[in-house]
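Undergrad: The active site, proton acceptor annotation in TrEMBL covers E291, H306, H1289. Sequence annotations record features per position, and here TrEMBL assigns active site, schiff-base intermediate with substrate to K1317. Residues annotated as 7-phospho-2-dehydro-3-deoxy-D-arabino-heptonate binding site in TrEMBL: R154, D170, K176, N186, 218-221, K281, 295-299, H302, H318, K387. The ATP binding site feature in TrEMBL is assigned to G945, M946, R947, G948, S949, G950, K951, T952. According to TrEMBL, the domain '3-dehydroquinate synthase N-terminal' annotation covers 101-213. According to TrEMBL, the domain '3-dehydroquinate synthase C-terminal' annotation covers 215-389. Taken from TrEMBL, the feature domain 'Enolpyruvate transferase' applies to 442-886. As annotated by TrEMBL, domain 'Shikimate dehydrogenase substrate binding N-terminal' applies to 1405-1486. If you look up TrEMBL, you'll see 1672-1699 marked as domain 'SDH C-terminal'.
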Amino acid sequence: MAADARVTGQKEASYHLPPVDSVIPAGQNFTIHHLRCLDVKIHLGFYLFPHIFHTLFTTLKSSTYVLIQDRNVAGIYGQALQQAWETATQGMEKQPRLLTYTLPPGEMTKSRQVKEEIEDWMLEQGCVRDTVLIAFGGGVIGDLSGFVAATFMRGIKYVQVPTTLLAMVDSAVGGKTAIDTPHGKNLVGAFYQPQYIFIDAGLLRTLPEREFSNGMAEVVKTAAIWDAADFAKLESEYAAIRSAVLDREAQQSATQGRHSSDRTIAQDLLLDVIRGSVGVKSHIVTIDEKETGLRNLVNFGHSIGHAIEAVLTPEILHGECISIGMILEAELSRRLSSFAQVNIGRLTKVLKAYNLPVSVTDPRIASLDKARELTTQRILQIMRVDKKNVGDTKKIVLLAEIGRCHEEKATAVHDDVIRRVLAPQVRVMPVIQEAAASSTPARLSTPGSKSISNRALVLAALAKGTTKLRNLLHSDDTAVMMTGLGQLKAAEFQWEEGGEVVVVNGRGGALVTPPTGTEIYLQNAGTAARFMATVVALAKDAEGKGRPTVITGNARMKQRPIAPLVEALRSNGVQIQHPEQDGFLPLAVSGEQGFRGGRIELAASISSQYVSSILLCAPLAKDEDVVLELVGGKVISQPYIDMTIAMMRDFGAKVERLADPSTGQPTDTYRIARGGYTSPGAYDVESDASSATYPLALAAITGSGVVVEKIGSSSLQGDARFATDVLAPMGCKVTQTPTETQVLGPSGGALHQFESGDVDMEPMTDAFLTAAVLLAVAGPNPESGAKSTRIRGIANQRVKECNRIQAMMDQLAKFGVKTVEHEDGLEVFGMDRSQLKTGVSVHCYDDHRVAMAFSILAAVVPGREGTVLEEKRCVEKTWPNWWDDLETKLAGAVQGVDGDLLDHHAAATSSTAASSSLLTTPLSKLDNSQTPRVYPNDATIFIIGMRGSGKTHLGQVAARALSRTFLDADVLFEEKHGVLGEFVKAHGWPGFRKAEAELLADLIRSRGTGCVISLGGGVVEGEANRALLKAYANKQGPVVHTVRDLAEIAAFLSTSDRPAWGEPMEDVWQRRKPWFAECSSHELVNLASVSGLANKANGATPNENAGALDASSSAAISIAPARNQEAQVSAFFRFISGQDTNHVDIAAQSIDGQVRPSYLLTLTFPDLIPALPLLDEISTGSDALELRVDLLSPTGAAPKEPAVPPKEYVALQLTALRQRTSLPIVFTVRTKSQGGLFPDNAQDEYFSLVQLALRMGVEYLDVEIQWPTVALEALRAQKGRTQILASYHDWTGKLNWASTDTWSHYERAVKYGDVPKLVGKANTMQDNWDLETFRLKAAKAHPSKPLLAINMGSLGQASRILNTTLSLVTHEAMPFPGAPGQMSVAQVQRARHLLGLMPQKRFFLFGSPIAHSLSPCLHNTAHQALGHPHVYERFEATEVTQQLKELIRSNGFGGASVTIPLKVAIMAEMDELTPVATIIGAVNTVIPVRDQSGKLRLIGDNTDWMAIHSLCKQHLPGATTSNAAPLTSLVIGAGGSARAALYAAYRLGSQRIFLYNRTLSKAQELAQSLPKEWNIVVLDSLDAAELVEAKPRAIISNVPADGTSLSATSGAGVILPSTLLQGRGGVAVDMSYKPHKTPLLELVDKTNNEAATATLSASDAGSTGRWTAVPGLTILLEQGCQQFKLWTGREAPRALVERECWAEYVK
């Protein structure tokens, strides 16, 4: 082939030849299109069987023809094929043989084994070299058959008859043949060309729709890389192309289309696009058969798509993965080869038109468990295996424009660039301000205005004639609008000038209702939803009737109100129904009565989009002119209404704003004349002014310059005033012409607050987010001194993509920025940008404005960590290439953040969409309660329950735990309507219920995020309330039902002033009980304290085991974490909100680089409450607790026969357990056949308990996979944040780990569980080795699914030792093991040591003097209890010797504690210091970290501050919550651990930290060396007035005990005045631990005695005014336990360690 033939954009020469007629002897006439690929003849047509055999018999004569097919094809075409053969051979003198070999369908057939079977069979049949092989099937059959032909008898002739569209346009053309191996797909094969390829488009009529779409991905790909005209055809004719295959008429015909004379238009189009695609590939293969360059172009979309396919196969098809790959590689093209965003929009739209996914958030993918394996790193790792790729670069085909590639080969792209595109999050790094300020002002244009683009699309579609729209925004929102208008046949859309101009052929308002069952899905596009609500009222079906059209959106769109618009349309005769919730999407809108016109009243105080919706459709009113009167208060966003009217006039509409006759002033009433719209021919869309605020703000905040083109003073958009009305008053230089805006930021970005401290942003509400981030770092106003600015006029921003006001407050708080919410906006308090908190991850709420605003703030956050912006793709709504432009045009620095391609929010949303029916499938017929969902993390939590059940108290606990606002609906009701009782008297109970429902609806609408709200006990009595709560719990957020014993409620209410029930409380409860259940997603048992129950059950007193801890009152402070109701309730709410799901980090590694085994303790007590005092001891070393529900019994005796424990008893047991442990719970109901004591046939009872577990927020649920599939599918959809252990147990000893049955059990467990669990029984040791082989295979097949697999019995103990995922363990104190062969944690750990899996390590204490240190007692006690082989020794040293240096780098070194005098000297020997150790300037912990290669890094850390911080925080309840008084701390002494103490005080949230030292200069020197934001105030006396006034609540002494005294005559260096401890109580920490009773601790006892509160426990200190004393030994123990966890990854057995160390101390 000549060099000049290597030209892109051409097709194989024969493509341009006309088709020919083929008449066969039987008299049938075919129209055949001919193509060539190398020497291969390609015939294309319809229903070609007779033509195929005629061609073979005349040009490929043979004695034997071998047909290879799969069972699917054989079942459909076997008879027709045989009949065609018989007809073709009829009359032949010597008939050839037709041998048929039928294979199972699927990729597994493409193997060495099957190839050998075919070849052996052919030899047995006597096939020789003249045999012609016919490959009849899809890609698998074609690849396999071709390889057989290539090797059989050293090569025989073969032909391809592809039966799938994918094979027709891709695998059948080009001569690639191959089989798969265990190492990968297509790794063994050959280039071997067939003689013929017969492409019979008639075969597609039996192809499933999904398979047709699968092939269309390759057709689209070919057009995208090669032929713009073909691509345009695919865009505009998608409906006809699909109909050629998918319409019922097309599927019924078996001959139509054979000859061109009887082909339909749709058939011609289908064959044309197939022929075009094959023509391109034939041309490429002819030039580059062996894929040396040009042929790489057909891999567009494949580099990333193949990697996605490797993870998702076989559930997701090849073409579906390539479709996603094309979009991702197009985004790479946008960044690297200037591929226009409009073309990405076109590519996305055409792929969607053929029902192909375009992102991993597509519900078909997001609902798969495998989708969780799609991580950035995994994709890059798979791509690395491709032979074309080298190191950190990958070969990817880039597009320059539709129909042309960037190069005539694949382009090398660096991993970092690919990562940017793949990653769901980005990290924005700070801009180097000096460089930004010195550079030439950047010039750029923003994308077209979203507001104007959407209006222009509607106007052009409703107008008569053709409109050319220039600069239209191509984004998610406009794509949704175009799709919706297309579904209504409102217009046809085409593209010109490379896609830069959208041609809209409007139909003048002649809209057609979509087919029945078709919904118009508008995603989260609020503008489209509001506009479409009126537009669809114009649509009628083919008979002129108004069959309802349903418009809907995603979960957030369904939360956005639309009631005022619906009410206005209904008043005009439009029939609208709410299929789900009144006032929200979805809407079913009927146009049967039409949009009549006349007078319409509309409430316009929430959204101007309601007004624009009616305005836009008003000229098409059916009967009379529209007079639109806006009511309900001040009209919001008037500039957007003015914009709509101005644009309507451009399209020929007559709109008049009426004036008040008496004053002549304009009113809020408009008259719109009927008459429709006329196209202006062309319309230029302004650039988006809201988007322009971001680059302008970047200039302002960095002190640089930016010029934004196409936005100036003549703009229609209110946001165009942002520069003049916001940036100029903040200190920027602004120059604005009619068509462009320039901003020069002040030097260093030194912005200041507004002089008035106030700004009205009602004309530009969307821009308030940009203003807020600028105000966050704005200094005081130089004129007025204002330190904050209140943003007004933005109340409507609460009902945008999210509650934007709350979102900005929550996310700014992460940076340390103070904000205050107001009814119409918020106030932002500026702070020094150097004090912004670093390392922040910003949740973007899937809101483009939030993401882009915080990317501006991120540019000035100090440090090198950068700021993570989650949900980066949300910017595609208005500025799809924002991240590219931020980096390439605005000098920003943007990095991809490795993680799941399917971010969790998108996963939750898409999974919900995919399984909506499963969400409502009852798990049990016995239960009407709802189950949880994965709600947005900030969703408001509503609490319901009986009066007196504790809703207010528990709600306040929740609010503290989540740092949220708590609201009591009863209080809010009375604030609005007066005293409840008086309201009922005046309006009756029906009136009260109506007002209550209105309040609830308003709370859901306006307070849908960031709150905890308790509702009245009778809220469920109202049907409207129940509907609201059910809908909220089903889709929006948690509704928690608090349950309390009725006797306790009665006792509580007997002492309250609440009005009487008026009927027996039991009757009220029985009536409301089912309502509470159906309205709530969660259940919380209000159990005030379980301690008394446990002690009573044991006949014990609470302190009888205190032992050595009773040595003094101060010693009662324990290092054991406090567990009480508040801790239990806080953990529950953190779990259901997603703030902390408390799941075990199963993949966690130890510091030696190995996976750290996790252990699951099985609790087999029939009644847990008496055993709770043992819990700390028996759970030592365990990572989670398994609650065996089937073993529970209210009698307290172990059950002997299968039984169902009462749900109330189970709930009480689970609650009691929660109050005594923070370990995650595995809720297990084991059936009898699976080795438990739950009845096998009680499915409803089983799933009723499962439902209870989900509602109570258990972390894990063990579910047996033998239950019906429908039940498991429903459970998977309804599990909320609970993870599933999908289990299978075989107690018979017959489970064979090497069998396919066992693998099938595993695959089912993988499908339905987060952790597959398989349990067999070992009969021989070989069973254990077989299991390990199985484990390796499973890890390779599903690396993201940790496997729990063990064998039972004594022989199976080896498997328990080797299993690293939640190994089931027992304890000697348990009544009996959970299963035969269970071992304790210590036994397993010792066995792992003997097997060499846990080598012995040596730990040390470095320093001097250390002879009496308790550290060896602490650590050796912990190691022994956990079964560790390690030892902890003393190493006396006064300096860092050579011996010590060698020791810390020796192989057996496990870690070291460091004390004086080496804490500073050891730092030089570290390879790395933690930030804390650097700040404190001392190391007390050495951590040796080894990677998997054994390379060692020594890390220096400091745990002194951790101990101080932990114990102070534990005994200062509420001190760090949002509603607490500011905390002040005092540190005494500037030596020793003073730095650690000061840092601990800072981390506690102290607003001021006082520092006192005997030598004032040392204190001053120390304070000056520490960060200013710590706000350290040096004192010259402990009697200083400012200290007395401040009343510090945390006091930490670093002075040796003999250096302090309570007596002024003692001569001690530091005298502690009696006024030191005062106020609301607090914590006093003495770092000196000898003597035990130091003067500071004596002062604590004295102060408490004087306050007469000595009988109260120390744990109540924070709320009672009592002071808690923390002795030095307790600090030593706490920091030692922190060290132990850093070294081993495990919690030390704190109670045991404490007991042993105190006993050693008091000797």
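Glycine residues also receive a Cβ, built from the backbone N, Cα and C atoms like all the rest.
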Undergrad: At a Cβ cut-off of 8 Å, and with pairs 6 or more apart in sequence only, do we get at least 3 pairs between the domain 'Shikimate dehydrogenase substrate binding N-terminal' (1405-1486) and the domain 'Enolpyruvate transferase' (442-886), yes or no?
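TA: No, since the domain 'Shikimate dehydrogenase substrate binding N-terminal' (1405-1486) and the domain 'Enolpyruvate transferase' (442-886) share fewer than 3 Cβ pairs closer than 8 Å, they do not count as touching.
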Undergrad: Using H306 (active site, proton acceptor) as the reference point, find which of the binding-site residues H318, M946, G950, T952 has the shortest Cα-to-Cα distance to it.
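TA: Ranked by Cα distance from H306 (active site, proton acceptor), first place goes to H318.
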Undergrad: Between H318, R947, K951, which of the binding-site residues has its C-beta surrounded by the fewest other C-beta atoms within 10 Å?
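TA: Selected from the binding-site residues H318, R947, K951 on minimum Cβ neighbours within 10 Å: R947.
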Undergrad: Sequence gap of 6 or more, C-beta under 8 Å: which same-chain residues meet both conditions with respect to V220 (7-phospho-2-dehydro-3-deoxy-D-arabino-heptonate binding site)?
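TA: Listed in sequence order: F231, L234, S323, M326, L347, V350, L351, Y354, L356.
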Undergrad: What's the CA to CA span in angstrom from G948 (ATP binding site) over to R295 (7-phospho-2-dehydro-3-deoxy-D-arabino-heptonate binding site)?
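TA: Their Cα atoms are separated by 75 Å.
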Undergrad: Go through the recorded positions R154, N186, G945, R947, T952, H1289 and tell me which ones have a CA within 10 A of the CA of K1317 (active site, schiff-base intermediate with substrate).
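TA: The recorded positions close to K1317 (active site, schiff-base intermediate with substrate) (Cα within 10 Å), listed in sequence order, are H1289.
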Undergrad: Rank the binding-site residues G945, G948, G950 by the number of other Cβ atoms within 10 Å of each Cβ, and give the residue at the low end.
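TA: Relative to the other binding-site residues in G945, G948, G950, G948 has the fewest Cβ atoms within 10 Å.
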Undergrad: For N186 (7-phospho-2-dehydro-3-deoxy-D-arabino-heptonate binding site), what residues in its own chain, 6 or more apart in sequence, show a Cβ-Cβ distance under 8 Å?
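TA: Correct list: D143, K176, A178, I179, D180.
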Undergrad: So among the recorded positions R154, R295, H306, H1289, K1317, who's got the most Cβ atoms within 10 Å?
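TA: The residue with the densest Cβ neighbourhood is K1317.
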Undergrad: On the 0 to 100 scale, where does the mean pLDDT of the domain 'Shikimate dehydrogenase substrate binding N-terminal' (1405-1486) fall?
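TA: On average, pLDDT over the domain 'Shikimate dehydrogenase substrate binding N-terminal' (1405-1486) sits at 94.
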Undergrad: Taking the Cβ of T952 (ATP binding site) as the centre, count every other Cβ atom within 10 Å, in any protein chain shown.
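TA: T952 (ATP binding site): 16 neighbouring Cβ atoms within 10 Å.
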Undergrad: Do you know the DSSP helix, strand and coil residue counts for the domain 'SDH C-terminal' (1672-1699)?
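TA: When I sort the residues of the domain 'SDH C-terminal' (1672-1699) into the three classes, I find 23 helix, 0 strand, 5 coil.
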Undergrad: What are the helix, strand and coil residue counts for the domain 'Shikimate dehydrogenase substrate binding N-terminal' (1405-1486) according to DSSP?
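TA: When I sort the residues of the domain 'Shikimate dehydrogenase substrate binding N-terminal' (1405-1486) into the three classes, I find 30 helix, 19 strand, 33 coil.
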Undergrad: Near G950 (ATP binding site) in space, meaning Cα within 10 angstroms, which of the recorded positions do we find among R154, R295, V298, H1289?
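TA: Of everything listed, nothing lies within 10 Å of G950 (ATP binding site) (Cα to Cα).
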Undergrad: Rounded to a whole number, how many Å is the Cα of G945 (ATP binding site) away from the Cα of H1289 (active site, proton acceptor)?
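TA: About 40 Å separates the two Cα atoms.
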Undergrad: Can you tell which of V298, M946, S949 has the most other C-beta atoms within 10 Å, given these are the binding-site residues?
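TA: When each Cβ's neighbours within 10 Å are tallied, S949 leads.
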Undergrad: Cβ within 8 Å of the ATP site centroid (G945, M946, R947, G948, S949, G950, K951, T952 excluded): which residues?
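TA: Output for this site, in sequence order: S1014, G1017, T1042, R1044, I1049, N1086.
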Undergrad: Just to be sure I understand, if DSSP states are collapsed into helix, strand and coil, how many residues of the domain '3-dehydroquinate synthase N-terminal' (101-213) fall in each?
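TA: Split by secondary structure, the domain '3-dehydroquinate synthase N-terminal' (101-213) comes out as 50 helix, 34 strand, 29 coil.
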Undergrad: C-alpha of R154 (7-phospho-2-dehydro-3-deoxy-D-arabino-heptonate binding site) to C-alpha of R947 (ATP binding site): distance in Å?
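TA: With the alpha carbons as reference points, the distance is 87 Å.
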Undergrad: What's the CA to CA span in angstrom from K951 (ATP binding site) over to H1289 (active site, proton acceptor)?
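TA: Each residue's Cα considered, K951 (ATP binding site) and H1289 (active site, proton acceptor) end up 42 Å apart.
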